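> Here Swiss-Prot flags SER517 as active site, proton acceptor, drawing on sequence analysis. Sequence annotations record features per position, and here Swiss-Prot assigns Mg(2+) binding site to ASP81, ASP123, LYS124, GLU491 based on sequence analysis. Annotation comment: Swiss-Prot describes CYS122, CYS195 as [2Fe-2S] cluster binding site, evidence class sequence analysis. Per Swiss-Prot, the feature N6-carboxylysine maps to LYS124; the stated evidence is sequence analysis.
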Amino acid sequence: MPKLRSATSTQGRNMAGARALWRATGMKENDFGKPIIAVVNSFTQFVPGHVHLKDMGQLVAAEIEKFGGVAKEFNTIAVDDGIAMGHGGMLYSLPSRDLIADSVEYMVNAHCADAMVCISNCDKITPGMLMAALRLNIPTVFVSGGPMEAGKTKLSDQIIKLDLVDAMIQGANPNVSDDVSEQIERSACPTCGSCSGMFTANSMNCLTEALGLSLPGNGSCLATHADRKQLFLAAGKQIVELCKRYYEQDDTSVLPRSIATKEAFDNAMSLDIAMGGSTNTVLHLLAAAQEAEVNFTMADIDRLSRVVPCLSKVAPNTQKYHMEDVHRAGGIMAILGELDRAGLLNSQTRTILGMSIGEQIAKYDIKLTQDKAIHKFFRAGPAGIRTTQAFSQDCRWDTVDDDRENGCIRSKEFAYSQDGGLAMLSGNIALDGCIVKTAGVDESILKFSGKAIVFESQEDAVSGILGGKVQAGHVVVIRYEGPKGGPGMQEMLYPTSYLKSMGLGKACALLTDGRFSGGTSGLSIGHCSPEAAAGGLIGVVKDGDIIEIDIPNRRIELMVSEEELAERRAEQDKLGWKPANRQREVSFALKVYGYFATSADKGAVRDKTKI
């Protein structure tokens, strides 16, 4: 029988000092011997996805104590990628993921906590906490803040749905008036919650459902809806149950590594491909798998991307549907149900509810269950009222969307495409692979050949695009923006958005060793590995070189002879694989990150061989 970790600081005369301090936090005599459960919150007023989380920690804590645990809350940092976008702040986004993972480890191990409830929401917070949970391997439940409602506004006598990306694109479009641009800006982000499309934050929160580490509805139920409160309450109750099963019954099946197995990672990646999720999820799943000591690699992603169809298209891949529509269609359990019926899911993996994912689908998939309460839950919809308050409305759709032929979520037979929403490409310019969100690529440019136009930084690329240097037919190459070369692997949402603003969204490709926002669509290929700073061939591309892209055949090639490439490599060896004439201030903290960072194909985690 495993001993409570917290007994280290609560039992024995030699821990009198620690107990005295515990008492000063409010613990009573009968609390010693109960599991101490860390409530890992991420409230901040900087981030709309976290601005409503201030009281969520104590909501969960009260439920933990109601069912027999001792709850202790602490906070992590949280970076808003949208606000950090387009300037030096973006260098800090990806490194913050690892900092969050470390900070959770520090707090939990320093205080000998027995279990965790992780209250996350936005881009790097969920992955950072996920890495920590798999590293620590103590009972853990994830519950996120929930998605934002989609923005809505009236243009040309039509009501259209909006999100953050629309504000970015229209703001840079010279053909859009100031009044219309401001109208879109004011309407794009109406409520608290993670941005309303299938961007990185929502993608990751959905993947925690597929991994089995969060409750059904976690990825899709709106932040503003009263139903979301039940997820927080259920998380508090469930973590106490997991503690009892592990510490009192020696049931190791409740531990994160027992739940998030290789098969569960396959399920999560299959979900990501099926829903056309953010390419950032690839980075984060690779990183989380390493923490779980699971052998999940780019080869697995390639394998799955060749067989899993695209079953759901959500913004930014279409403006018709946002997360509120995914929830109405049955949420993640509905997509997993369609994958299961197509024979594309490992249905025996376990979940925090103590059942298999197959059993969970049978209970929560609206196509399988007649449970009125579950159908009511998935009818939870938007109110269309600007607010920063959680649980502030209880509006419902009249019906669920169970149309699997023409609805938001499709069956395999009626898939948006039989080819999945994400693909891994490889070739001489990306020997270790690169990633493209095929769900966001127009069919007319699935095969593309063009002349390279090379930029040594995102900032230069933005200037080149807005200044008219980039023309139709170009392959925009942005290099030295990888984990090591940035350092920090910036998102390239502004370059991709500005290509659309300039009318080049379907006329150009973009290739980078950096990464993309979950809001990116178009022929945008990221995570090129090895990155330029690690000696990757993207570092030797010159203006005018032909780059051929073939998504159906998963190939990308730099059309330069081996003799010429050898000469260019030798030249870069002498120069140290550094960007030419780039002026960028890099802090000591970022230099440390860059020194240890691996390329994207390894999840941009720290290179353990350097320690």
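Glycine residues also receive a Cβ, built from the backbone N, Cα and C atoms like all the rest.
Can you tell me where each of these features sits in the structure?
Look at SER517 (active site, proton acceptor): DSSP puts it in coil. SER517 (active site, proton acceptor) counts 31 other C-beta atoms within 10 Å of its own C-beta, drawing on all protein chains shown.
Listed in sequence order, ASP81, MET85, MET90, SER93, ASN280, GLY514, ARG515, PHE516, SER517, THR520 are the same-chain residues six or more apart from GLU491 (Mg(2+) binding site) with CB atoms under 8 A from its CB.
Under a cutoff of 8 A between CB atoms, and with a sequence separation of 6+ in the same chain, the neighbours of CYS195 ([2Fe-2S] cluster binding site) are PRO48, GLY49, GLY82, PRO147, MET148, ASP163, LEU164, CYS189, ALA201, ASN202, GLY518, GLY519. Secondary structure at CYS195 ([2Fe-2S] cluster binding site), taken from DSSP and collapsed to helix, strand or coil, is coil.
The local packing around LYS124 (Mg(2+) binding site), expressed as other Cβ atoms within 10 Å of its Cβ over all shown chains, amounts to 30.
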> Fewest other Cβ atoms within 10 Å: which of the binding-site residues ASP81, ASP123 wins that one? Let me know.
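Comparing Cβ neighbours within 10 Å for the binding-site residues ASP81, ASP123, ASP81 has the fewest.
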> Using an 8 Å cut-off from the Cβ centroid of ASP81, ASP123, LYS124, GLU491, can you name the remaining same-chain residues around the Mg(2+) site, in sequence order?
VAL79, ALA84, SER93, LEU94, CYS122, THR200, ALA201, ASN280, SER517
